[in-house]
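Pulled from TrEMBL, these are the features on record:
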BINDING   GLU110, ASP224  divalent metal cation 1 binding site
BINDING   HIS147, HIS175  divalent metal cation 2 binding site
Amino acid sequence: MAMKYIDIGANLTDPMFQGCYGGTQKHEPDLHIVLERAWQQGLQKIIVTAGCLKDVDEALELAFKDERIYTTVGTHPTRCEEFVSDPEGYYDQLRSRIKANRTKVLAVGECGLDYDRLQFCGRETQRLYFEKQLELAAEFKLPLFLHMRNAAEDFMSILERNRDKIEECGGGVVHSFTGTLEEAQRILAFGGLYIGLNGCSLKTEENAEVVRKLPNDRIMLETDCPWCGIRPSHAGHKHVTTKFPTVKKKEKWTAESLIDGRCEPCQISQVLESIAGIKQEPKEELAALYYQNTLDLFFGTAESKE
């Protein structure tokens with residue numbers, strides 16, 4: 001039986017899927033080809049990651065073109081300066097996007113804290129508007145799509161003092177996890193939270209050791225494409241068995257090939273293979289478990305949100 005996947009974190013609004021890299025057009029837009037490759041690889045659903053209002057509007061446009069595509073609504077920690085000039089107005093715009101699109105919006109996020117990139121947004125602003133977005137999740141009873149980078153103490157403190165809201169919204173997932181085992185254990189001990197794994201979660205032997213110890217009933221798969229592919233230098237790469245035709249240079253693009261360095265949703269199979277290799281468990285069993293975890297969090301009430 002073919003394995004089924006849900007990519008919980010795909011940045012499909014990124015200009016790379018329109019053939020544009022760093023502001024320069026390198027090849028024709030190919031998102032339709034990227035999606036077709038994904039469906040052929042066993043993707044059943046894709047949740048587009050939105051990190052600001054502009055992303056939300058573009059993601060909703062995509063989602064309404066295909067019943068298998070959904071989106072988050074929220075503001076990434078590095079984009080929280082967008083709140084500052086009109087906090088209530090910005091919040092109300094996020095809220096209105098959720099209210100008007102209940103069947104397509106599956107989570108509030110991407111929200112959280114990122115202390116690795118403070119040049120984009122300071123700690124205080126990040127903390128303030130992370131906490132503010134928890135109100136959206138509670139109001140609409142939507143799970144959270146969470147981001148945590150080098151900020152575990154403040155991140156967990158905010159979750160702890162908003163435990164009532166987290167319980168009301170049904171929990172969430174800390175995506176693209178690259179933290180320590182202790183941080184993972186704190187997240188899981190909180191209750192109601194899952195951990196999302198992609199190529200960035202599989203870089204080092206230390207990462208692999210953390211993944212090996214994560215409980216399977218708390219794991220979800222993602223690509224975070226076009227970022228976070230599994231590179232040959234990654235500890236998890238030795239377990240990858242699925243290969244795709246790939247061109248090294250963007251200008252050499254063809255419809256049949258992936259571009260080296262631009263991750264695609266179809267590569268979610270490589271994430272699974274890497275995790276299965278690290279854990280030394282059958283990938284078919286893990287695929288079914290992770291698929292069900294994702295259905296449980298994001299799609300348990302999807303049919304009744306009309």
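Yeah, the Cβs are placed from backbone N, Cα and C, and that goes for glycine too.
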Cβ neighbour count (within 10 Å, all chains shown) around ASP224 (divalent metal cation 1 binding site): 24
Intrachain C-beta neighbours of HIS175 (divalent metal cation 2 binding site), sequence separation six or more, cut-off 8 angstroms: ILE8, GLY9, THR49, GLY109, GLU110, PHE145, LEU146, HIS147, GLY196, ASN198, MET220, GLU222, ASP224
